[in-house]
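*Asks:* The structure's right below; bear with me while I get my questions together.
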Amino acid sequence: MKTWYMVVVIGFLATLAQTSLALKEEDCEVCVKTVRRFADSLDDSTKKDYKQIETAFKKFCKAQKNKEHRFCYYLGGLEESATGILNELSKPLSWSMPAEKICEKLKKKDAQICDLRYEKQIDLNSVDLKKLKVRDLKKILNDWDESCDGCLEKGDFIKRIEELKPKYSRSEL
C-alpha cells in the first residue's frame, strides 16, 4: 500500500515538473509565432502530408524577412541553409502538434532557434525622438522601407521621420 502511494506521489511530481518546464510562447517567440502563422496558411490536404508541408514551408520562407528569415535558415527552409532539420517541423505539423511543442522539439535539436527575439517596437506617439540614438532613428526609417538621402546629423533624421510620421504611425482616437 505504501509503495502504491509513493508511486502515485512520484508520478504526480513528475507530471508537475513536466508542465512547469514546458516551453512558453515568450521563451521562443519567433518560432512559435512563425510556426502558427505557417500552420494557419496550410489547407487541410497539405497538413496531412509532411512532404507537402516541407515544400510549402520552403515557399513560405521565400517571402520572409528579418527574424522569420533567420528562423527559416536555421530549419533548412532556404536554399542557402547549411543544415536541414525541416522534418522536425513537418512531421509534427502533420500530426497536428501545437506550435509550442514543435518549438520545444526544435530547441532540443538547435538551441539558437529560441534565441531569436523580436525587437521592441518604438511607440512614436510617446517617445521623444531627440532622445533616441541615430542608430534607432535609422532603424525606424529602415522598418518603413524609407531612406534619408543627404541625412548627416541627428536633426536631419528626426526631420525626415516627422515628415513621414503621418503616413506610418497609427494613432488611435
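The backbone N, Cα and C atoms fix where each Cβ goes, glycine too.
Source: prediction; values computed, not measured.
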*Asks:* Swiss-Prot annotation: Cys31 disulfide-bonded to which of Cys61, Cys72, Cys103?
*Replies:* Cys103
*Asks:* Determine, on the basis of Swiss-Prot, the cysteine among Cys28, Cys72 paired with Cys61 in a disulphide.
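*Replies:* According to Swiss-Prot, the disulfide partner of Cys61 among Cys28, Cys72 is Cys72.
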*Asks:* Return the member of Cys61, Cys72, Cys103, Cys148, Cys151 nearest to Cys28 (disulfide bond) in space, with distance defined Cα to Cα and candidates limited to these disulfide-bonded residues.
*Replies:* Cys103
*Asks:* Using the structure shown, find which entry in Cys72, Cys148 (the disulfide-bonded residues) has the sparsest Cβ neighbourhood within 10 Å.
*Replies:* Cys148
*Asks:* Ten-angstrom check, please: count other Cβ atoms within 10 Å of the Cβ of Cys151 (disulfide bond), all chains counted.
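*Replies:* Other Cβ atoms within 10 Å of Cys151 (disulfide bond): 17.
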*Asks:* Within 10 Å of the Cβ of Cys31 (disulfide bond), how many other Cβ atoms can be counted across all chains shown?
*Replies:* 28
